[in-house]
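What TrEMBL says about this protein:
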BINDING   A:107, A:149, A:180, A:181, A:182, A:183, A:188, A:267, A:268  ATP binding site
DOMAIN    A:111-297  domain 'ATP-grasp'
């Protein structure tokens, strides 16, 4: 297939920030793109060739959209997977495949997949309803504290709760879920694996999520992770094994824990470009978005090494601010060395809404990390 | 002015490849952009917020377009400069200014400017018509060989001819022109200067245009230039002096000759992002397009240093090919290390038409240069 011809069409399900950043690279390669998103003001609207407003979870909408394209991908997991399967049968190249997505979409199935494929992960139990957990605790099959995760439609931390007592438990929605052993970890790490249909694979360097000491929120994504080489190698091996087990085509972001005993456990995966890879736009020889396109088109994979070290800071809406967004002091962070803000183009801010991110690159990771702290202290995402 | 607000509008005159690449950065910063271009299929059409089809040389068209925006810039010199002056008077921020553009648009005026400001440049004479040159030669005021340049509307090498005899001369159009001393040079160099209204200035590293030994065409733009430090410093100083003399706001690409005697002579300038700075998208901490935006918005200038060395190869239409374009073997160059093709999105190829470029980056300039040669031998821009 000639991807670089005007007869070719790439479809992207979802037009959020990930889709928007993928369009940087489709524009660079002049690839014809069609985007489907429920919001008429989606960040991807501008730079695609055709934009369709529609429900990503509606079977007919996705099938009708997908029928017009040659290759179909997604920037979000919450899409109608039956529609993807239908499209595959009709000859549309869907990458990642409906089969992979089906395993990943449901966190219970995802965990079972790890168990079946001997991929290290925290112990867990599955429940059809949250209300069934109580009984398991009474029976001694489960004990506090544990991590509760909604099996479906969790995204960016929603649908995940640490449960320390029955009091926490009763507040949770009564849905299909898993209860996972709470893992005391040294580090939260991530590796992005790129894999094409031929089975060519490569990994981006291990990145580290540095948490705020009090707020327990990821503050910085740091590439490369400040961990010993043998731990990095172990994390890469686990990530590669995971992508291979899924027979994955596209990017697979593998989030992992480095336990206190230096075990590597897979926490969860995302079959798409990922927040932990945003630094790659400025830091890597090949940005994760270009790499995703290379994967799904069966093109040779790009170099995943870093030109320079990178730190990424998410720009989230400040507390107590809702409404038309203002990026206060953005001019000031532009005066700092190696700083690139990415503004996603969402019109309205809300507390903790992801509005953009800032990448800080430098030859020296320690310098980048210090500048990142300054960025975080300077810029504010507020309302008018 | 709050450039990052949805009330702000940036206008760009010209929607060619330079405008298209500038939009990578306006998208990144979520800056609202309006583009004016005569072609309804201009490369910039997709990623701007408002696209207007219109003649860039028509006074009313440019004034009416410019009135709707807050800051106006251009990606091409051939725009109606009287319209820019009118817009300035009406309070639109036009950068670079109409005054600078007026000096540059006419090559005769440009050369006079260098003479008046003590900027080293090759000796020259101005003529109202090419037909007047003959007399000057007869009078002994000029002798063959010399370089003939049309004073107006030369672009990308058109309007420039080496004249070795009367036979060459009679083939030229009878227009306002200059005759310039033919300079035997060791190297053709370029320096891109960034300058904002406050007078903050910075230069990108000196790049070298490597010529094809036979075809006498630029084959590779190499950053950094493989020249001694003292020559590089001299070239930077000349470029800075030139930008300052123009009181320039925006990018100024200064093309220079390094003569056999290691003199630096300004050949010509372009008041905009430039082919010689394309490598910066992948090679530099700040791409030239982002830097231009920083300049015209009065934002702090970005770091102009390189993360890695870069070589740029233009993708021009092959001889004997006219029609719907095909990028033959593009998949093969994607297999080479550090290679990024940029496809401008022009539907039709013609012999020597600029259809895209390829950047090759590497820690080692010698390696990048070798890979660039392979790129040039591999990819072909042909018609279907």
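Cβ atoms here come from the backbone N, Cα and C positions, even for glycine.
TrEMBL annotations: computationally assigned, not manually curated.
Positions of the features from TrEMBL, shown on the structure.
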residue	record	contacts (Cβ under 8 Å, 6+ apart)
A:180	ATP binding site	A:111, A:122, A:123, A:124, A:146, A:147, A:148, A:149
A:182	ATP binding site	A:145, A:146, A:147, A:162
A:188	ATP binding site	A:208, A:209, A:211, A:218, A:255, A:256, A:257, A:258, A:267
A:268	ATP binding site	A:107, A:110, A:255
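In the predicted model, the domain 'ATP-grasp' (A:111-297) shows an average pLDDT of 94. The 10 Å shell around the Cβ of residue A:107 (ATP binding site) contains 23 further Cβ atoms across the protein chains shown. Residue A:107 (ATP binding site) falls within a helix when secondary structure is assigned with DSSP.
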